[in-house]
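Q: Below you'll find the structure I mean.
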Amino acid sequence: MASQHSSQETRECADGLAKNVNSNHVGIFIDSVVSALLGVFQTAYSFMPSFTSSDNREIMALQNIQARIRMVLAYLMAQLALVKEGRPGGLLVLGTANVDESLVGYLTKYDCSSADINPIGSVSKIDLRKFLELAYNKYGMTALRSVIDSVPTAELRPLVDGKVEQTDESEIGLTYEELSVIGRLRKPGGMGPYAMFLKLLQIWADKYTVDEIEEKVRKFWWRYRVNRHKATVSTPAIHAENYSPDDHRNDHRPFLYPDFSYQFERIREKIEQIKREQ
């Protein structure tokens with residue numbers, strides 16, 4: 001389900017992987033649907049959002065509409081694909097959000113993350129790459145090479161000279177390698193902001209300054225806090241790891257969090273103490 005913002009490389013990856021797994025793959029463009037919905041909005045509100053706007057709400061809305069259209073179309077195809085084939089029953093829709101995206105809320109509510117079941121919902125991006133490497137080496141799925149080597153991107157913003165400039169890590173402000181470490185400290189480590197900061201002082205002692213570590217902890221917990229409401233509608237995932245983004249599958253409370261100001265005051269005090277002792 002490509003759009004004008006999808007790169008040729010991504011479309012080729014999808015087509016190649018479908019051939020590797022012998023999937024009934026159809027490539028379509030969703031731009032006409034996006035235009036139709038924006039036309040309805042323009043009729044109602046007499047203005048058209050733009051990617052060149054200085055208001056980030058317009059830019060986010062234009063990205064989110066693409067993502068949500070893909071969910072609607074996925075369910076439509078799941079219900080009708082077998083009708084076209086003259087076969088009984090229906091198909092399940094598979095979700096595509098991993099642990100790291102779920103923890104920081106780097107997904108659109110009711111987009112490709114919303115499905116009947118999510119095969120990768122309890123696996124981090126780093127471990128997913130390892131799994132793909134295994135499948136590539138063991139089963140000869142040649143198309144996986146380009147998937148493994150690709151830079152993670154949502155591809156929801158306009159291309160620049162035919163190339164993707166939007167990347168997951170630049171928008172999140174943390175690398176997937178960093179998120180993998182932080183996610184494990186949260187669960188199963190059971191750490192909040194302050195305990196996590198102290199642990200990362202040890203883990204990243206030779207990699208980052210204390211101020212840089214504080215900033216990374218702050219970014220994670222800010223995103224976790226403001227986006228935790230998305231976890232209340234997360235698709236059930238195959239339980240594959242002990243660092244699942246779930247707190248409890250049957251009860252997602254709490255999803256309204258404080259601003260962690262107390263914890264970060266203690267972190268700043270610790271940083272000042274460390275600097276005095278250096």
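Glycine is treated like the rest: Cβ placed from N, Cα and C.
Residues or ranges marked as domain 'NAD/GMP synthase' in TrEMBL: 1-180. Per TrEMBL, repeat 'Pumilio' is recorded for 125-161.
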Q: Per DSSP, what is the residue count of the repeat 'Pumilio' (125-161) in each of helix, strand and coil?
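A: The breakdown for the repeat 'Pumilio' (125-161) reads 21 helix, 1 strand, 15 coil.
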Q: Grab the pLDDT values for the domain 'NAD/GMP synthase' (1-180) and give me their mean, rounded.
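A: Here the mean pLDDT over the domain 'NAD/GMP synthase' (1-180) amounts to 95.
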